[in-house]
Number of protein chains: 4
Amino acid sequence: MNNLGNFLTLSTFGESHGIAYGGIITNFPAGIEINFEEIQHQLDRRKPGQSSIVTQRKESDTVQFLSGTFEGKSTGTPIGFVIYNENQKSKDYEHIAAAYRPSHADFTYDQKFGIRDYRGGGKSSARETINWVAAGALAKHILPSTIEIHAYVSSVGDIFCMKPYQDLDFSKIESNDVRCPDEETAEKMISKIKEIKKEGNTIGGTITCVIKNLPIGIGEPVFLKLQAELAKAMLNINAAKGFEYGSGFCGATMTGKEHNDLFNEDFTTKTNLSGGIQGGISNGMDVYFRVAFKPIATILRPQESVDKDGNLVIVEGKGRHDPCVLPRAVPVVENLAAFVLADLFLMNQIRKI
Amino acid sequence: MNNLGNFLTLSTFGESHGIAYGGIITNFPAGIEINFEEIQHQLDRRKPGQSSIVTQRKESDTVQFLSGTFEGKSTGTPIGFVIYNENQKSKDYEHIAAAYRPSHADFTYDQKFGIRDYRGGGKSSARETINWVAAGALAKHILPSTIEIHAYVSSVGDIFCMKPYQDLDFSKIESNDVRCPDEETAEKMISKIKEIKKEGNTIGGTITCVIKNLPIGIGEPVFLKLQAELAKAMLNINAAKGFEYGSGFCGATMTGKEHNDLFNEDFTTKTNLSGGIQGGISNGMDVYFRVAFKPIATILRPQESVDKDGNLVIVEGKGRHDPCVLPRAVPVVENLAAFVLADLFLMNQIRKI
Amino acid sequence: MNNLGNFLTLSTFGESHGIAYGGIITNFPAGIEINFEEIQHQLDRRKPGQSSIVTQRKESDTVQFLSGTFEGKSTGTPIGFVIYNENQKSKDYEHIAAAYRPSHADFTYDQKFGIRDYRGGGKSSARETINWVAAGALAKHILPSTIEIHAYVSSVGDIFCMKPYQDLDFSKIESNDVRCPDEETAEKMISKIKEIKKEGNTIGGTITCVIKNLPIGIGEPVFLKLQAELAKAMLNINAAKGFEYGSGFCGATMTGKEHNDLFNEDFTTKTNLSGGIQGGISNGMDVYFRVAFKPIATILRPQESVDKDGNLVIVEGKGRHDPCVLPRAVPVVENLAAFVLADLFLMNQIRKI
Amino acid sequence: MNNLGNFLTLSTFGESHGIAYGGIITNFPAGIEINFEEIQHQLDRRKPGQSSIVTQRKESDTVQFLSGTFEGKSTGTPIGFVIYNENQKSKDYEHIAAAYRPSHADFTYDQKFGIRDYRGGGKSSARETINWVAAGALAKHILPSTIEIHAYVSSVGDIFCMKPYQDLDFSKIESNDVRCPDEETAEKMISKIKEIKKEGNTIGGTITCVIKNLPIGIGEPVFLKLQAELAKAMLNINAAKGFEYGSGFCGATMTGKEHNDLFNEDFTTKTNLSGGIQGGISNGMDVYFRVAFKPIATILRPQESVDKDGNLVIVEGKGRHDPCVLPRAVPVVENLAAFVLADLFLMNQIRKI
């Protein structure tokens, strides 16, 4: 219910300024050797303070696995993990104990629950995604090692990476601070973010994710279509506003004659507007999708707002915030996708017995 | 698991040329008076043969409720329903028993399951959405009667309804065959579809859905965010390629200063780029989203393809098909949204006890 | 949630005097040849009117499968089935529209739901078990064909089958009306039931179930222990009052030295007080359990009771009722056990990948 | 799936000699003041080393709540908790790294998973119940404060507490080491356990649990019957072998005339052989049930067994073990029941909206 995954499940907890984040993964198969360093590496890719274009908070974001492995291998029993919070400056948030920040969840949480941990946004903080990165990086161990999942920043504001993903060198994603593999575009994006940051403003963008070498057969016919599970996962990321796969919104302008992917004799297709999925099930071609992110709502400038009694107040972001969520969202998208794929991969194992 | 919904659940069955479709809804509250005529009316909006721009198949699509109601009211026990198939012409599909149609699920089903009911596309047929319309129209009874859910065709190919939804008269959605409330645009869309149909071709488009008067508090903080549940449901519709809500992909080009929705003193917001959702929870403003649909893959023209042994074959759509899925997808989007909302509405009832 | 099973799931609907019963099974693997006659045979074993010691109602209880199979084999997609009600005499129940029968669910349904289909007990009728027999008989196809599941009546009132199950010839279960394989005991049981019936009274008893050749490894460590899933399923049967497996309640009087099952060198055990399960997981020995059933509450004699306003009334069972639920419960226990086993069997397939 | 609960869910992790136990509870309502001391008190009732008749291990079993509360109240978001392991003596278990203890889960885990954390029994240890006590004690806060849940030891070996529960003073449960409220019987039980302990042996017994003042309407008609959910929970307790409620196995020997509970004019019943449940739903009378526990398999005496290669070996329990699980199982039964009731209580809130 409040889980990610259907057979392989992730349950999570944690608030921005609480004691810790953490989660439990169930139905992880036994006997898989776990690369704990790689999992921490994925968390390091997401953590704050990595470069000048992200928040300057310093947190080690160290994940500790508490169960479910023995002598380096999974035992088939639930895997618990915890990531303790550090370096919280709750005082930065006292001004919003009673005030509602525009385009934040302060008002809706208060209305829904009648109580709200306002410190750092509490449960509504995007820090929750730390759990997803840890769980996704773990789940990736279930997938065949040949699978590749590459996410990159494909636009920041109106600066778009115009090259199709086929023309990009994914090994360059980590070579710059914004995580766009096209160096020239990356530089423009970085300049744009620095400029926006100087204004105390924030900016949105998109992330493209490409999955290569996914086995055929992943995804289920009804209610667990591969694209639907990916969309659900991605739209749970805090600032996500949209999802499209294959031809996406552009495909909605086309005709069937243009859009149909004709087969080769080896069952690959000549084109791939379908985005590697037919009838909700992977067909062996690249799966690719794009996620839209709004600009972060916390800006370091005064904004008019209201308090819980409806009085006008001025709120102004304090503390250390990201001017652009995109660079740090790249490992979130990748690892979240890995979790979705691992879940559907396991389900597919028992389709033919 | 293979269900729609989390507390209010829908399990479904049925194939295009099987005996029947149907479903079971659990956790439907007791004592609600059911308007069975309205449910059939929603099915009638979706059924084939309504106009010259949709498929000319004739099926009554009559839903029969088999349990869970007594003297016109829900009893709180599972509600079963069945819709028998009629007027199937399975012979129209014999040519694809061994051949794979481009951009259809023939190949992926064969690979995944090793067996495939090829008649009418079997389980992969969009006829499955008949179950969702029936269940959604029933689920709508749970929601406060003040809620309005309006879907309409907002584009067909490159013909877009340029007016913002606020300027449209939703009462006109049903006044034309394409279900676009802007009469002028509707005419152009209809012409376009007729032209495409004449060519034996098909065309894509988008549907916009607006939800008015949704109570505050609908949606859950993690993994059941309102937008994520809507995205999951919509991406399960057969030809859907994308989902965006509020500012969507356009919002990804904006800055925080432009994008933030400032509060009024009554907690409404001056703008609504957020699309009525903050932190995954409805805030009382209009919720609106847009779904992209690809052109239907079945075109009435010869296409090169392969059979299951990898031999080149020519396939050509036979029988009665839609040139454009959009008009008939409008009630699907609306009723599917109703189901998602009813599910989250019930869950919200026990947030504060 | 309101399902049976965890990976292989059964959702059901139906009321005693409604239009039909039915269900949907999801995650049934593809490519399994279905023996539809065997499924109907299991329903026939449960149906009323088979002998003089059960209810004389006549219903064909014919199950119709509506989806999920093609040319006799499962397709991996949801399997829907329906069993239409026949021969209902709703008039027999008008006297309880406002009155509450002792030890029936009339009062609790009214209190819980505020509305009640009183005809034939509505949803609270044991006729619901018809769904479980159909689904269980289908699920049995998933299990290795070497598995044997034998249930039999082990006591009626104070008449007990004193022989241990190892000394019984299971092929004789169907050779008498009460379904006890020990002929001598069976005769006594039948006489007892006839005597009780003559008095318009009813009587309880127990059913023992033995599962042979179950593979090692079925059941999960936490919350899905094999015994817990069996207990849950069995306690859902309408008149069930208790469940024990292996040494059961008797084992609670023993010491560890007496109770421990010592190993043979081939990993079988010298004794089997554990009932074939260690740590919630099957160990390859026979699994056996016992279910207690109360006497049916409907007696054909006047009883003092109250109506919904708390007025004293006399209620008296009318119509055609079972004097003893046990003979017809035998196929329910067997097929329900088959469903539980098939569910856990599938889950176990992906423990080691 | 691998959860306890349906709407209110508990996911858990932990192994006996791993780093920690813990769990996550979702859908806990907001705004409930939490008595953390009472939760720790329940854990203290379960912890080792309390008296001379239980294991002499010393562990503080301190639970730490990591999320989901703010200023002492629940926030409606997932509640994570952790209990770190202390005082493990893993060396005590080296002798079973390759050997299988009789009537333990060593063999089944090895077969199922191909890998096993043998230290302290790993995942199969009853130490898992620490999670259930913590979660159950928390869940109890959801229930009306008038509900009372009293479990007590009703038999040890062949020493039975012969008084019906109505004649017992539940306030005396905690007044002796064995947790039987009948002082005279308690003394006999304690002597018996001491005698058994001296022999290095162990002994079984039963626990009776009585729930008073449960509101009417708790439990669902199909697959979530109150008794079935209780049975499932109880049969997950490590040494549990049986469950019965109301008249239980004894009721199986009775006739309908004897067994039916006649109504009083206030809808209470004159007798309560039904155990407070009709049709799976609470009727306002006391709910009572009994759970059978086998003798603990670890005895401090040499036993013949086999190693993983099938060689004969002698195994002998070392370290600190319970001679009788019953006294420490009392808080497990109570708090597990509380969790089950809280889950069904929440589900019942939305039956009539």
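Glycine residues also receive a Cβ, built from the backbone N, Cα and C atoms like all the rest.
Note: TrEMBL annotation is automatic and uncurated.
Listed features, source TrEMBL:
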BINDING   A:Arg46  NADP(+) binding site
BINDING   A:Asn238, A:Ala239, A:Gly279, A:Lys294, A:Pro295, A:Ile296, A:Ala297, A:Thr298, A:Arg320  FMN binding site
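All protein chains considered, the CB of A:Arg46 (NADP(+) binding site) has 25 other CB atoms within 10 Å.
In sequence order, the binding-site residues from A:Arg46, A:Gly279, A:Pro295, A:Ala297 that place a Cβ under 8 angstroms from a chain B Cβ are A:Gly279, A:Pro295, A:Ala297.
Pairwise Cα distances among A:Asn238, A:Ala239, A:Gly279, A:Lys294, A:Pro295, A:Ile296, A:Ala297, A:Thr298, A:Arg320, the recorded FMN-binding residues, top out at 45 Å. Put simply, the residue listed as 'NADP(+) binding site' is 33 Å from A:Gly279 (FMN binding site) when counted between their Cα atoms. Rounded to the nearest whole angstrom, the C-alpha distance between A:Pro295 (FMN binding site) and the residue listed as 'NADP(+) binding site' is 18. Every protein chain considered, the tally of other Cβ atoms within 10 Å of the Cβ of A:Arg320 (FMN binding site) stands at 16. The binding-site residues examined here are A:Gly279, A:Pro295; by Cβ neighbour count within 10 Å, the least packed of them is A:Gly279. Around A:Asn238 (FMN binding site), the C-beta neighbours below 8 angstroms that are at least 6 residues distant in the chain are A:Ser124, A:Ser125, A:Ala126, A:Glu128, A:Thr129, A:Val325. Of all the Cβ atoms in the protein chains shown, 23 others lie within 10 Å of the Cβ of A:Ala297 (FMN binding site).
For the pair formed by A:Arg320 (FMN binding site) and A:Arg46 (NADP(+) binding site), distance between Cα atoms is given as 16 Å, rounded to the nearest Å. In the three-state DSSP reading, A:Arg46 (NADP(+) binding site) counts as helix. Comparing A:Ala297 (FMN binding site) with A:Arg46 (NADP(+) binding site), their Cα atoms are 19 Å apart once rounded.
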